[in-house]
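S.K.: Here it is: the structure, laid out below.
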Amino acid sequence: MRIKLNTEDIMRISLFEKMTGANVIDSTSDDEKIVFVVKEGDIGAAIGKGGENVKNATDKFGKKIDLIEYSEDLKQFIKNIFAPIELEDVWVKKFGNDLVVYVRVHPRLRRAIIGDKGKNIDRAVDIAGRLAGVKNIKVVAGLRKDADNRPKKDEIPEKAAESSENVQAEENQ
């Protein structure tokens, strides 16, 4: 998938790569933070010993720095986007040409996944969309009782689909 970067993005990526030695695949930013998606296996170099590279980058850019390790495996990439929050399950459903990712989390972690006014989930959709063609990420809050309650063949249980739509509707209000 081709990513369009503006001049500011290119300069920011170049500077971060020089500071850390990590290969950056993509970067996005907002008023609060800068997110760098680094090549699989480069997360250690990006963080640096004792988090030194992240601290230096935070000082240099004047914003909080988030790092995400890229993965060709979409489910692993989604887990990496939300790390360190542990996702109980991730599954993908294709609707026509659109990929929709569903993530199941413990009910207590739902707010952390979605973020204040949906910022975290919006950022995740933006990054997953740019790099993996994901159109939407839906959060399903529920406890996983056993390994067999995961939808078969990436099918979505009706109750899970309904609750994930309700979660997004609640957050958009």
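These residue numbers are counts, starting from 1, taken along the chain as shown.
Glycine is no exception: its Cβ is also placed from the backbone N, Cα and C atoms.
Remember, it's a predicted structure, so these values are computed and weren't measured experimentally.
Sequence annotations record features per position, and here Swiss-Prot assigns compositional bias 'Basic and acidic residues' to 147-162. Annotation source Swiss-Prot lists compositional bias 'Polar residues' at 163-173. Per Swiss-Prot, the feature domain 'KH' maps to 31-97; the stated evidence is sequence analysis. The feature region 'Disordered' is assigned by Swiss-Prot to 147-173.
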S.K.: Which numbers of helix, strand and coil residues does DSSP report for the domain 'KH' (31-97)?
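M.R.: Output for the domain 'KH' (31-97) reads 27 helix, 19 strand, 21 coil.
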S.K.: Give me the mean pLDDT over the domain 'KH' (31-97), rounded to a whole number.
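M.R.: The answer is 96, the mean pLDDT of the model over that range.
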